[in-house]
């Protein structure tokens, strides 16, 4: 149905032809299509009978293009090359929330679990690798508007193999857990799964010891989205899986007790209420919740109360406690809850890594799985989404660079002349965000730390001043002038500035907290970055946290890119076919949007540069030798000479092909199709 490799499309520069091919295949439940060695995967939103053990064995050890496109072919190819060449690989799985990234990474793990050599001892490692997933999903995934099991963190997992190709260990790196979700969820969304699993699945004795009730409606941090119960999620069953996973991953009962004590303390924190005393200061009249937190965290009661109702300030070189008002006390409470959960997640990842660590000092090879958050535009977007979208820009840059490099190297190895390829290089977008002293993150750092009043408006003005003349950046300076005269805090809404490749900051005249609106290549995608409307003094004390987060994330991303650059790449690009998770529905507008920002047309353009198809002489001859009397049934000379004899007999014209050192390169898909016919 259609072509199973987009490289073989006649109209390879046509977006319509690309979509038509994708649609034809999707309607026949063919959810996988290649662009060369990149796999495009469209979420079917239903179970397909293509992940059985029989299917796994079918793809095991088979040449990449011998069978129809499949996730298992990507996994097997990376594994076979790693074993034969003893080098390291990574598989980058990307796409927006609900496109099927997490499921794809689980399928790859399962493939290795079934098809790799094993022993009884290795089975323990294998089980721990597999069961790390439900634990991380419980603490790091949540129901969003677009996906009932959305990863709210980035995950890179190295699977370590010994010289026999058996999995012997692993290591996980996590990126930017969405801590803001702990204290706030949009309508129709939930907090992290673990809270609901604990209340639904925990036994009476455990809940009693934690001071919890089974009803999630009792907890402020669980009711904002108004959907504690979700039809597609079985919290009770998931709780059992997580508890089983803890025992296999080697958590002690003491570890588990402490872990759930912390989870419960977050729920108790959310239920703390503040009142105003006669001086306008925040006080806690009902101490029930804070007593539970004191018990569960082992913290002194008075210290906890002090932490939630006061802040430390410097006065005459001394630290003194300054009381908070009620609004700031609530903000402090939420900040504590986010910090506790973020640190707990880091501890959890480290604990899992301890159980996966291989103590043997002999050399290992690795295959890394990168399941990274998707490039998204929601109605209201958080600071985390800014970081997520920036991350996707960097990974797009990496993909194009590595694909170009691989293509160029192959041409040079084969003695074929390289033809320069026109494509959009998004380095200019990445530089605009990350460049030292000049990029948006550096400007944010400066603005947060400078003396005097720093507000969202002053940040926007600084951006206009520093990067206002950048070819890919725009603000509306006249609006800023009006706003500064009226002293309004604007809110930003979507501005459909189409036909541009720019990052766009657009203020709107609405008397609400400031948001920053961004628009970026390859499609006109917007990121909203809301700031909390606080007094300038309080903002000044809190905003450096944003500096640390943005800069730390940039540094983490740089380290990740270095890790990936040292390995051989494979790519899986996941596409969400519709917003309603409806099987069989193919939303052209939504998919066209994803094709653009995933850079699929750019990737196809690079892969199609010059030659649509290339194959080793031996494989080409094996496939087509029956078309020429001289090569059928057996050719007794070098394969290259046999191919040359074969294509002359068929009638290939000189402009249709080139002969490399080990491969034949065919320029046009129609030449190959004619040969197939």
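Yeah, the Cβs are placed from backbone N, Cα and C, and that goes for glycine too.
What you are looking at is a predicted structure, and each value in this text was computed from that prediction instead of being measured.
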Check your understanding: Can you check which of 511-533, 534-556, 557-579, 580-602 TrEMBL lists as region 'Actin-binding'?
Key -> 557-579
Exercise for review: Check each residue in the chain of residue 100 (ATP binding site) that is at least six apart in sequence and keep those whose C-beta is under 8 Å from its C-beta; list them in sequence order.
Suggested key: 41, 43, 574, 576
Review point. Can you name the far-off residues of the same chain, 6+ from the ends of the region 'Actin-binding' (557-579), with a Cβ under 8 Å from a Cβ of it?
Key: 22, 26, 37-43, 45, 71, 74, 77-78, 81-82, 87-101, 104, 146, 156, 173, 175, 366, 368, 370, 390-391, 394, 398-399, 402, 406, 585-587, 590-591, 594-595, 598, 600
Review point. When the pLDDT values for the domain 'Myosin motor' (2-677) are averaged, what is the result?
Key: 84
Point to revise | Secondary structure composition of the region 'Actin-binding' (557-579) [DSSP: H/G/I, E/B, coil] | key: 9 helix, 8 strand, 6 coil
Check your understanding: So what sits near residue 99 (ATP binding site) in its own chain, CB-to-CB under 8 Å and at least six residues off in sequence?
Key -> 41, 43, 374, 574, 575, 576, 594
Review point. Neighbourhood of the ATP site (95, 96, 97, 98, 99, 100, 101, 102): other residues with Cβ within 8 Å of the Cβ centroid, in order?
Key: 43, 147, 150, 374, 574, 576
Review point. If you draw a 10 Å sphere on the Cβ of residue 101 (ATP binding site), how many other Cβ atoms land inside?
Key: 27
